[in-house]
């Protein structure tokens, strides 16, 4: 995880005092050549003023006659373009610091408490907190008219964060994490093909595909609030915002619950796939030991051959297979490809076969169980016309597909998740809480000044606030996550790539549900007008295109980055054309 530099405090104070110097509207007494009088500091004849009169706001660009309103009554403000640009940089850096503190605190807290309630519910919300703060203050400022003019800052941030994460950051992670693609899978830590567009790229696990699908579904509230615009209805806009808000909050709750229970779902899925691996291994082993074909000429389980196999495994010839005999069979197969708990495998196989619940497997139970396994394997394999080849072919297909499913779960390399006893857990917890509180406080304190600076800069330059917030603000609120994702991707492993892209999809999902919920609540409560058709279209296009990419692919060659990178300038150009040539806003 990217760490904040050690000179953060020093740099903050340096910037703060520099802001005071550049942006403060300073005045001094007028020093005149007339020694008999003392100026009161207010003199209206600029031509008669000597050079050493200090009035800093005349040395800035684009000076305006209007005055600015200081945030909290003391923070510096200015009406000039250069001054507001500087304020945006300073306040943006402070928001970046807030995001970094929240990210570092979240990592420490997750290290102590692990996934589940904390990792699934609390930390994703904290990750979206800076964006949510900026969106909130953009719609709470002043009167409804002021809020209507400033709310475009929140929409620009929302759209910009989504587009930045799914285009520039997504493509960069593919480039820095690329490995050689062999048999449609990127091989860990093997990067010999350079920048081959088809032979180099990254691979992810199946859970990352699920995260991409969830992200694509999370755009549903955007579609709902756009329905009145599609049918040219003005009366239903307020109702559509309310329905979109309800759906957005529902999706937020559902997503948080999914995140809470995801570790449990992953463990259950992994246990199931490991059990299928045991089934595949036993069937292939029995095929090599069988005195005949496991399937008869009609393609059905061969009862006589299965019965002979039972007697071969029954070492003490008592007519039953005990847990010890079953364990000896599993150990003899040697499942090196997976991290298999032998006792757990024996227990599951016994549960599959022992229908009489007498803790041993009778001959009829063994025959019924193997027949059931063979029929399951046949449904997954490619059955050819000849029964002799059919037995080996469908068992091989079943084994290959089971191995692929196991690999897609992202459990091939667990070294990145080795959890050891945490020393000084109490101190680390206190440190994590302090970082979270500090990040939250900074985000809450400087969100409003940042929005004001963007609005003032827009007024001074005539650049629409949407484009300023679309480009600049996501760099401040998402830089910490972006740097962390890129650094993590450089490890060049399927597991780390999966975590990287899952984090990106998760961040966009939180934008689409949490930040949108805040935005829609502001629009509904304050009676603002929802008029963001072009911005919503951009979010829909980027989320759906990248969501489809992530949903139906687990390997991404380098050529896919061209799609991601081109979507960023395309998004900006599309909003500009729709707004200023077709008058959508």
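Using the three backbone atoms N, Cα and C, a Cβ is placed for every residue, glycine included.
Remember, TrEMBL labels are computer predictions, not curated facts.
Bear in mind that the values here come from a model prediction, so they are computed numbers and not experimental data.
Look at TrEMBL and you will find 1-28 tagged as signal peptide.
For 81-102 (among others), the entry in TrEMBL reads transmembrane segment.
Taken from TrEMBL, the feature transmembrane segment covers 114-137 (among others).
Listed by sequence, the residues of this chain that lie at least six past the ends of the transmembrane segment (157-177) yet keep a Cβ under 8 A from its Cβ atoms are 131, 134-135, 138, 201-202, 466, 469-471, 473-475, 477-478, 481-482, 485-486, 489-492, 496-497, 500-501, 504, 507-508, 511-512, 515-516, 519, 535, 538-539, 542-543, 546, 556, 558, 560-561, 564-565, 567-568, 571, 575. Taken from TrEMBL, the feature transmembrane segment covers 157-177 (among others).
Under the heading transmembrane segment, TrEMBL lists 239-261 (among others).
Sorting the domain 'EF-hand' (301-336) by DSSP state (H, G, I as helix; E, B as strand; all else coil) yields 22 helix, 3 strand, 11 coil. What TrEMBL lists as domain 'EF-hand' is 301-336 (among others).
Across the domain 'EF-hand' (341-376), mean pLDDT in this model comes to 82. Annotation source TrEMBL lists domain 'EF-hand' at 341-376 (among others).
Summarising the annotation, TrEMBL assigns transmembrane segment to 428-447 (among others).
What TrEMBL records for 467-489 (among others) is transmembrane segment.
TrEMBL lists 501-524 (among others) with the feature transmembrane segment.
The annotation transmembrane segment is assigned in TrEMBL to 536-556 (among others).
What TrEMBL lists as transmembrane segment is 563-582 (among others).
Residue counts for the domain 'EF-hand' (341-376) by DSSP state, with H, G and I taken as helix and E and B as strand, are 26 helix, 2 strand, 8 coil. A contact links the transmembrane segment (467-489) to the transmembrane segment (563-582), because at least 3 Cβ pairs that are 6 or more residues apart lie under 8 A. Beyond the transmembrane segment (536-556), the same-chain residues lying 6 or more positions past its ends with a Cβ under 8 Å from any Cβ of the stretch are 158-159, 162-163, 166-167, 170, 174, 181, 184-186, 201-206, 208-209, 211-213, 215-216, 218-219, 222-223, 225-226, 408, 501, 505, 508, 512, 563-564, 567, 571, 574-575, 578.
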